[in-house]
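Student: Please find one structure pasted underneath; my questions will follow.
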Amino acid sequence: MEAPPPYSLCNPNKKSTIINRSYALLHSVAITSLIFYRLSSFFHSTPSLPLLLAFTSELILSVLWLLSQAFLWRPFTRQTFPERLLQDKNDDELPAIDVFICTADPEKEPPLEVMNTVLSAMAMDYPAEKLSVYVSDDGGCGLTLYAMKEAWEFGRYWVPFCTRFGIKTRCPKLYFSRYDDEFLGQGYEAEKEKIKLKYKLMEKKVQKAESNGKMLAEFNTKNHPAHVEVMQDESHNANDTNQVKMPRLVYVSREKNPSYHHHFKAGALNVLLRVSNMISNSPYILVLDCDMRCNDPTSAKQAMCFHLDPKINSNLAFVQFPQKFHNLSKMDIYDGQLRSTFLVKWPGMDGLQGPMLSGSGFYMKRKALYRDIVQEDTDFTQLKQYLGPSNELVKSLKSAKYNTDVTSRLLEETRFLASCKYEEGTQRGKQVGFLYMSLLEDYFTGFNLHCEGWKSIFYNPPSPAFLGTATTKLNDTLLQGSRWNCGALQVTFSKFCPLIYGLKSRMSLLQRMCYVYLSLQPFYFFPIWCLAIIPQLCLLHGIPLYPKVSNSWFMVFSYIFIMSQLKHLEEVLLTGDPIRTWWNEQRIWMMKAIISYTIGMLNAVLKLLGLKEANFIPTNKAADDEQITFYQKGLFNFQASTVVLTPLITLV
């Protein structure tokens with residue numbers, strides 16, 4: 001009997017593999033020659049301090065280069081066939097999905113932007129009864145709750161409109177800003193105008209509430225009680241086939257108290273994990289940042305092509321989509337698209353054990369977050385020690401129930417689960433759920449999953465699955481980078497250091513090299529600082545650091561520099577970007593190495609010594625017309641904080 005066609009295909013990129021491995025071989029010979037030259041010269045004369053610093057810098061750069069080659073060893077591309085999936089499974093057989101959306105500060109993350117993300121998720125091309133959208137409001141702001149209620153009311157018109165006419169752009173803000181409307185059937189234009197009027201009315205109501213300022217004045221990000229509110233169509237009649245079904249929308253604001261550590265985004269996600277266990281208990285979870293709107297409504301079906309494939313689903317933890325952005329300029333001077341990560345590194349890891357968890361845009365198997373703790377034969381009392389004192393929560397984990405009616409008793413239980421005391425004495429954030437200890441909760445959680453033998457998949461569809469908002473300010477770009485690097489170093493300086501901890505895991509050598517590279521990447525700060533200062537000073541004082549042009553060894557140094565630049569240029573052109581992208585990436589990388597890596601290193605060391613508390617500051621996503629104008633013109637705006645500018649000005 002012939003096997004049914006697969007839901008997805010995996011295609012090794014043979015051309016890139018040959019180029020990458022050939023480059024790695026030749027470059028490693030050149031680096032070995034450079035190290036031999038340096039060491040042999042030390043035997044002939046006592047090395048000076050500048051020479052030792054330069055050699056140390058070259059060694060660090062060589063080690064980091066060697067580790068980075070693991071990303072290029074076996075790049076993959078993938079293809080999905082949702083139509084084959086739908087031939088085998090009808091809507092009733094598709095698994096349910098819980099969508100987690102996190103927001104924390106209504107001033108930096110405007111409620112209107114969050115509403116558009118929520119509405120795009122509610123309108124995904126997936127059975128509505130199988131979708132539940134959870135919004136975590138870490139600020140506990142009344143304005144955000146008001147905005148969610150307005151979004152729900154507008155969604156009652158928006159979701160049926162998208163379903164009826166097969167709308168492809170399901171984020172209302174982006175949809176109404178288009179000018180390329182097609183004829184989508186009888187009554188489309190009239191219906192669109194009605195929906196547009198309702199959207200404008202919703203916008204005005206939220207803007208009026210925002211300008212009033214009363215709701216904003218009342219919120220306190222560090223101290224507020226737990227609040228859970230469920231919005232669903234109570235009047236829905238299961239026998240009424242003409243009524244369009246609506247996904248459930250759940251607003252969650254966990255309790256905050258200065259006496260308890262709230263563990264930033266990971267803590268918020270773990271609260272959503274518990275609350276959703278009690279209400280929908282879906283086997284799969286989609287995690288989105290509050291600005292990461294669903295651009296392709298079929299992304300859930302694309303992800304299920306992997307999760308429901310019997311050949312790979314047993315140990316598949318998550319499917320990671322690339323983060324793409326709707327507001328990138330042609331110049332993209334801040335490398336907002338993160339081209340190297342999502343077009344080079346993650347496809348390379350896909351050929352190993354899978355990409356790292358990337359904060360947003362991933363479909364996670366709920367079971368993976370509970371590891372092997374929840375089994376049929378696991379003792380009830382033992383489960384409570386891991387998961388907390390709620391009997392109802394433990395019961396929900398052993399069943400596949402979906403609560404159609406959310407009673408007042410159930411709501412009270414969810415508020416208990418969202419209290420700041422609930423996690424005391426449990427393994428939440430240690431062995432269960434999204435893991436704590438690092439500001440980079442996605443990197444740390446994904447690392448542990450891969451250590452335990454789970455695999456992941458990177459899928460970059462032709463049409464972007466999600467579109468977010470890229471940073472358009474130098475200050476935001478560099479501070480965001482320093483936070484990422486500080487989080488990576490927190491893992492490096494712990495017992496979970498990939499260099500050591502990965503040795504006893506079920507992770508392959510190349511996969512471990514990828515994690516080690518990311519954990520040591522902030523160490524770029526040392527060679528960049530040295531090579532930005534020492535050669536220039538040595539040149540002024542006539543101290544030789546490098547062989548003369550007439551010396552044959554000069555060719556080794558020239559080859560390493562020229563080939564590394566040509567390899568970077570080859571990657572840029574291969575991913576479809578123009579030559580100026582190479583120049584822009586070189587320029588912003590130098591800034592990040594001097595500022596983001598340095599600040600990240602200092603913050604991580606201070607936290608390690610107990611001299612500074614960990615702090616997570618959300619990236620500002622509010623529009624700034626002046627900054628956007630600079631960004632669109634490709635001009636750097638150096639109106640930045642003193643912390644950001646000091647290292648740069650010091651060098652200048």
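Along the chain as shown, the residues are counted starting at 1.
Glycine residues also receive a Cβ, built from the backbone N, Cα and C atoms like all the rest.
Keep in mind that TrEMBL annotations are predicted by a computer and have not been checked by a curator.
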Student: Per TrEMBL, which of 20-39, 140-159 is transmembrane segment?
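Tutor: Of the candidate stretches, TrEMBL labels 20-39 as transmembrane segment.
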Student: Taking only the Cα atoms, work out how far Glu109 (UDP-alpha-D-glucose binding site) lies from Asp442 (active site), in Å, as a whole number.
Tutor: 20
Student: Based on Cβ atoms within 10 Å, give me the single least packed residue among the binding-site residues Lys108, Lys265.
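Tutor: Lowest Cβ count within 10 Å among the binding-site residues (Lys108, Lys265) is Lys108.
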Student: Can you figure out which of Lys108, Asp138, Lys265, Asp289 (the binding-site residues) comes closest in space to Asp442 (active site), comparing Cα atoms?
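Tutor: Of the binding-site residues Lys108, Asp138, Lys265, Asp289, Lys265 has its Cα closest to that of Asp442 (active site).
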Student: Give the distance between the Cα atoms of Lys265 (Mn(2+) binding site) and Asp138 (UDP-alpha-D-glucose binding site), rounded to the nearest whole Å.
Tutor: 9
Student: Hey, which bits of the same chain come close to the transmembrane segment (515-540), Cβ under 8 Å, at least six residues off its ends?
Tutor: 50, 53-54, 56-58, 60-61, 63-64, 67-68, 70-71, 356, 443, 447, 450, 485, 488-489, 491-492, 497-499, 502, 507, 546, 590, 593-594, 597-598, 600-601, 604, 651
Student: Give the sequence-ordered list of residues that share a chain with Asp138 (UDP-alpha-D-glucose binding site), lie 6 or more positions from it, and have CB atoms under 8 Å from its CB.
Tutor: Cys102, Thr103, Ala104, Asp105, Thr221, Ser253, Arg254, Lys256, His262, Ala268
